[in-house]
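Data block below; observations after.
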Amino acid sequence: EALEIERVHMAIRMKKVREGKDCIIPYEIPARVGFLGLGIMGSPMAQNLIKAGCDVTVWNRTKSKCDPLISLGAKYKSSPEEVAASCDVTFAMLADPQSAVDVACGEHGAANGMSPGKGYVDVSTVDGATSKMINGHIKATGALFLEAPVSGSKKPAEDGQLIFLTAGDSSLYNTAAPFLDIMGKSKFYLGDVGNGAAMKLVVNMIMGSMMASFSEGLILGEKVGLDPGVLVEVVSQGAISAPMFSMKGPSMVQSLYPTAFPLKHQQKDLRLALGLAESVSQPTPIAAAANELYKVAKSCGLSDQDFSAVIEALKVKLQHQT
């Protein structure tokens, strides 16, 4: 009952924050929340927790990225271990599997600060094996673990509109739910650790393949004399319409790729998805071809551009052919 009351008050606070209203309510949120990793996604996610009135402690490899959050009221600790030791629930948003393992299990890693009664929620996108390894280290301390990779990029993170794909300890899912509701618009509980990671990789595999195909269409259309802007409009109004196409298309037509989801991360997710497919002998020829295109884009120096910059790899190929 107490947990349900907490969730109701948190939801009220979250709604008022999103509506730009005074969010003071006669209730104090008891949990101390840690947040590890303040990149493109982690920073706005932690910021939303702070704005909702949560007691947040942050850490990032580059301390300067913590400063804007500290100015908003966050506390700072100098290692993941110290954050985990001082918080009830610690979230981690890291760039890749190796970083996720280092921050959770390495020297001065979060696992060293965990103990019974605490929870660790990894919202990074990693493969199932990595998630299970981190789970093992956290559970060995008596603490609880939840994997919760997100579907969404920079803007949804800023707007608190992420989708959480969770798996692991159901009791930690219930405890973390109010915080997930602040940072996201929906959440799914998928059972055992590894299922959340698998769901995220399948989703991002589809997304990467869609963007590669969309890029091919834009290039082909322009090559045969079609107006790419009109093509984007046609696609956006038909059966194959997708928010991604209408959102990314106009800037792609202008050869602009403001980074919401770095191309190097999309290629990493495709690589992990192909590994997942290989583990169950499932053919994924379209995703495999898309992965090769993203690898070409990386070799062209586009790693830190938005993943929509994959279209530039096709331009390079065309130039080489002419």
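In case you wondered, yes, glycine gets a Cβ from its N, Cα and C as well.
Marked as active site by TrEMBL: Lys200. In the structure as shown, the Cβ atom of Lys200 (active site) sits within 10 Å of 27 other Cβ atoms.
Feature annotation from TrEMBL assigns domain '6-phosphogluconate dehydrogenase NADP-binding' to 32-191.
TrEMBL lists 194-313 with the feature domain '3-hydroxyisobutyrate dehydrogenase-like NAD-binding'. DSSP assignment over the domain '3-hydroxyisobutyrate dehydrogenase-like NAD-binding' (194-313) gives 89 helix, 2 strand, 29 coil.
Mean per-residue pLDDT, taken over the domain '3-hydroxyisobutyrate dehydrogenase-like NAD-binding' (194-313), amounts to 97.
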